[in-house]
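A.B. asks: One structure coming up, written as structure tokens, with questions to follow.
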Ligand SMILES: Cc1ncc(COP(=O)(O)O)c(C=O)c1O
């Protein structure tokens, strides 16, 4: 992270100087949007050429400075989202993403992904409505109701909307679905867990693939419920790509058992767990793709006409979103207070208090959804001394601590701190606890990415005409 941070500061200073940026106190010379485009209901700034998220955040920050507006904000770079989608298709061409809506339900992200051809993993009635409600972003077969525990009303709602694919991992759910859905197509979720994952979903979801799953296939057949496939989720924030291979092998065995029982097994759902941060070296989409593609070729060859899907969340949502908050207070302290080392009692350090925090957009901190967040001055200055610093959120809670310990130059009240890679499990979890306002979103794209989205839209039916 320290290396990343040094690189980042260098990069931003480089970008600024290459743009002819004057020293810090003057306004940096920033590019201007060529025009605006509406995607769904969102106003999107369109730039002639590729726009860096940091530079776009600087544009917004600069504009806010001009207007004396210090409210926190986040930016969504749809060009980055398009690149992520293209990377996914390049790396795993046989696997269709069903984006996990819970990760970030910004309407502009949902409509962009729908236009690019993504399906959706919905876990609640409201999530189904976000996709198939007024806007009708896609058609019902592009949705999987991917929650194994479903309120009866949600099951009826799915039926009403024409959503048939849904996951289950226990017998009780089968009875419920049989009663409340007229045409369910069940997907049996098994527990295949990467024990190193930040969020091991196996403790809560998934049947044992060896002992319980075969019995559930049999029970479904007895109840006259069609099981069309197998799903698993190796855990969010996973690090062991080989776990996908293990899951695919289990799924093959269960496909064979299901076929013997008369189920029409056609769908394999390899869940989520794909990293969202490009700088994560432990695991990458490339490493996962190698394992997945090899296992698919072996157990689910193309000739079998299987439908292979995944439920990526943080993979798509993380990188396009950056968060920027304003410094409300900058307090000089002794480093000992941060490091807890008495030997640091003579070292100068700073506590910063921002107007967004872990009860706001940094909510991903609470449940450890964003373990590696790190801030940078939005408008960095050259050659500044770095001080040990802590960064706090605005509320009265002592848990409202965004960064326990980091290194930052001395920053003043009114300056902005910038956090990249912040789109997953952040905005969706934000509250207005203590009365602090939530960050507002700004959206950008470059012309080439916009043309790409439009070309994808042209290849589809009128259904998507609502987007532009
Ligand atoms: C059922 C399901 N699918 C997909 C996801 C998305 O996971 P990730 O963000 O790790 O890709 C989650 C996350 O909790 C989930 O519960």
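Including glycine, each Cβ sits where the backbone N, Cα and C put it.
Annotation source TrEMBL lists signal peptide at 1-20. Residues or ranges marked as domain 'Orn/DAP/Arg decarboxylase 2 N-terminal' by TrEMBL: 79-317. Residues or ranges marked as N6-(pyridoxal phosphate)lysine by TrEMBL: 102. Look at TrEMBL and you will find 341-423 tagged as domain 'Orn/DAP/Arg decarboxylase 2 C-terminal'. The active site, proton donor annotation in TrEMBL covers 396.
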A.B. asks: To the nearest Å, how far is the Cα of residue 102 (N6-(pyridoxal phosphate)lysine) from the Cα of residue 396 (active site, proton donor)?
C.D. replies: 28
A.B. asks: Determine how many residues of the domain 'Orn/DAP/Arg decarboxylase 2 C-terminal' (341-423) DSSP places in helix, in strand and in coil.
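C.D. replies: DSSP composition of the domain 'Orn/DAP/Arg decarboxylase 2 C-terminal' (341-423): 8 helix, 29 strand, 46 coil.
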A.B. asks: In three-state terms from DSSP, label residue 102 (N6-(pyridoxal phosphate)lysine) for me.
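C.D. replies: For residue 102 (N6-(pyridoxal phosphate)lysine) - judged by DSSP and reduced to three states - the answer is helix.
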A.B. asks: Taking the Cβ of residue 102 (N6-(pyridoxal phosphate)lysine) as centre, how many other Cβ atoms lie within 10 Å?
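C.D. replies: Cβ-Cβ neighbours of residue 102 (N6-(pyridoxal phosphate)lysine) within 10 Å number 21.
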A.B. asks: Measure the Cβ-based neighbour count of residue 396 (active site, proton donor), defined as the other Cβ atoms within 10 Å of its Cβ.
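C.D. replies: Taking every protein chain into account, the count is 7.
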A.B. asks: In this predicted model, what is the average pLDDT of the domain 'Orn/DAP/Arg decarboxylase 2 C-terminal' (341-423)?
C.D. replies: 94
